[in-house]
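J.: Got a structure for you, written out below as structure tokens; questions coming shortly.
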Amino acid sequence: MNFDLPLFILILDLFGTVVFAAAGVLAAAQRRLDLFGVIVVGTVTAIGGGTLRDLILGRLPVFWVQDNLYIWITVTTSVLVFASARRLRFPHQAIQIADAIGLAVFTIIGANVALSLGHSPLIAVVTGVMTGVFGGIVRDVLTAVKPMIFEKEIYATAVFAGAFVYVNLTWFLPDHWETFNTLVAMSVVLGLRLAAIRWHLHLPVFLSVEDQRDEDHKINRKDSQ
Amino acid sequence: MNFDLPLFILILDLFGTVVFAAAGVLAAAQRRLDLFGVIVVGTVTAIGGGTLRDLILGRLPVFWVQDNLYIWITVTTSVLVFASARRLRFPHQAIQIADAIGLAVFTIIGANVALSLGHSPLIAVVTGVMTGVFGGIVRDVLTAVKPMIFEKEIYATAVFAGAFVYVNLTWFLPDHWETFNTLVAMSVVLGLRLAAIRWHLHLPVFLSVEDQRDEDHKINRKDSQ
Amino acid sequence: MNFDLPLFILILDLFGTVVFAAAGVLAAAQRRLDLFGVIVVGTVTAIGGGTLRDLILGRLPVFWVQDNLYIWITVTTSVLVFASARRLRFPHQAIQIADAIGLAVFTIIGANVALSLGHSPLIAVVTGVMTGVFGGIVRDVLTAVKPMIFEKEIYATAVFAGAFVYVNLTWFLPDHWETFNTLVAMSVVLGLRLAAIRWHLHLPVFLSVEDQRDEDHKINRKDSQ
């Protein structure tokens, strides 16, 4: 067990590991991998964020080397989803929703770990964001799809908002509100992501002067990927 | 010298470094890099896996910072292959075969290092797999080709099998069988990979219900990369 | 403050952080990200090289965790460039020039840090090269454009030359010439890159025998990306 984490956070961490591994396996479906390739993608997606977190904070060896449980979970989840996905029909949005849940969990845990090591609120926000998004970025780069963080819908914004809320609640509320803080902050990430997926919400995007002129002339630039 | 490793493993490590650097340089040929670009790709391919291994296990600074020999080898190999590849004709499979040899060597060394630091057999298998495949993944992402680990032929499976065999032999046989264990486990990885390259062997791939229906209707979905 | 660095190097480091963040934001323009996506790309570009440097050298936690200033700079720069790029017209070469400045600064700082930790000149050159190029590679992989290091123009060569000059000057000149050494070595990287951008300079590229025959027959192979 990763005894640095309080029990409630630990349970969330294991839960996030399951859903992120599942998101990785479902994404791997698009690349037609065999069982062991699927285990690699599921595992890397699930442990990628926490591994980056431990590296930048200097908590070495990384969490899953210290605690075998995480790898057992990612391998078991990968095998089960691999087996069931051949029979059951997963809706396309299953990946997005699993990703949203894992994102919410890992962002808050990343911020929590940074704060518990005595780092500043700013560093906690950045560490939270990196922990949350890294697994999904690696998954998307490996499976050669456009990373979700670069889709038009709100993504990085949801992660920043959740980490920001968590760090502020932790700063202003007494310690024993920790569980409350965690649930509220996770709800912010998850709520924003689910709403963004459902209604295709997005913020104003980066448009240079040239782009805006193109937009005015209704010329749709083809995406260059 | 990397004195943590027994002499036999050390020699294999240097040999794996040469062939992985060569695999990186031959892959870089497809991107028409100049000499220094080729040195970067050859070096990153050769030291990538071991660097990740040392980071996750917390053996810092990483091995090639502690021992200049590795960098001398990758730079020399890169220059020699760069020079000779302009004159000699390397068959297309040269990259695959060099990759297979490096894969076999680095997987077993990764597992060996994890075990020698006292980590569990499970972590040794995972560390071995990551050490083996990471250099090649970075090479393929940098040179923008589909990573070999996602090709249809057996790849991740060979690496898992070799790491699994190595960890079990080490567990059940006495210490002085170490050289035997290493050779058997490396032969498993190398044999499976060479057989897979030669006869295009593959395991059942991940197919969702929809994919299978498509297959039944003989509709070939175009690969989306 | 990152007190390991002398004041002059520190100022350069902060300056390099600003221009690399700006290069990341301008590159993100091509992917139409929203504000928070832009902050992620700008920040990762600016701190990526130094983060890799600290990981491989074992200086943990990494520099920006120890010193909040770097993150304040990347976030502020990202927001300002995001806001102004919607109004001002940045020439296409702005990314290349910002990249060249950051490249020069981070390469020399990477080599400086490795030498100051007592590592060999060879390792200092390699660490300098990795520190210089890593942020840009991550930026280009994330925004799905061909990494600049793989463009035909001189890039890796400029970085190698600058790191080589810096390490040699530091070896042969007395310590109090440090500022001179730094400026000369940075000028080498920056001068070579700017000349390469201006006049499309390149070294002989890697061509296999087959490629050369193709060239002779004036068959232009389409780039496979």
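Cβ atoms here come from the backbone N, Cα and C positions, even for glycine.
Residues or ranges marked as transmembrane segment by TrEMBL: C:6-28, C:35-57, C:69-85, C:97-115, C:121-142, C:154-173. According to TrEMBL, the domain 'Glycine transporter' annotation covers C:11-84, C:97-169.
Quick one: where do these features end up spatially?
T.: Non-local neighbours of the transmembrane segment (C:6-28) in the same chain are 37-38, 41-47, 49-50, 69-70, 73-74, 77-78, 81-82, 85, 90, 94-95, 98-99, 101-102, 104-106, 108-109, 112, 135-136, 139-140, 143, 145, 178-179, 182, 186; each lies 6+ residues outside the stretch with a CB under 8 Å from one of its CB atoms.
Residues 13, 16-18, 20-25, 27-28, 63-64, 70-71, 73-75, 77-79, 81-82, 102, 106, 109-110, 113-114, 117, 119, 127, 130-139, 142-143 of the same chain lie 6+ residues outside the transmembrane segment (C:35-57) yet bring a C-beta within less than 8 angstroms of a C-beta in it.
Through the fold, the transmembrane segment (C:69-85) approaches residues 1, 14, 17-18, 21-22, 24-26, 29, 35, 38-39, 41-43, 46-47, 63 of its own chain, all at least 6 residues removed from its boundaries and within a Cβ separation under 8 Å.
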J.: Under the DSSP assignment, what numbers of helix, strand and coil residues are found in the domain 'Glycine transporter' (C:97-169)?
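T.: DSSP composition of the domain 'Glycine transporter' (C:97-169): 59 helix, 0 strand, 14 coil.
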J.: Take the domain 'Glycine transporter' (C:97-169) and average the pLDDT across it for me.
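T.: Here the predicted model's pLDDT, averaged over the domain 'Glycine transporter' (C:97-169), is 91.
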J.: Sort the residues of the domain 'Glycine transporter' (C:11-84) into helix, strand and coil with DSSP and give the three counts.
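T.: Its residues divide into 64 helix, 1 strand, 9 coil.
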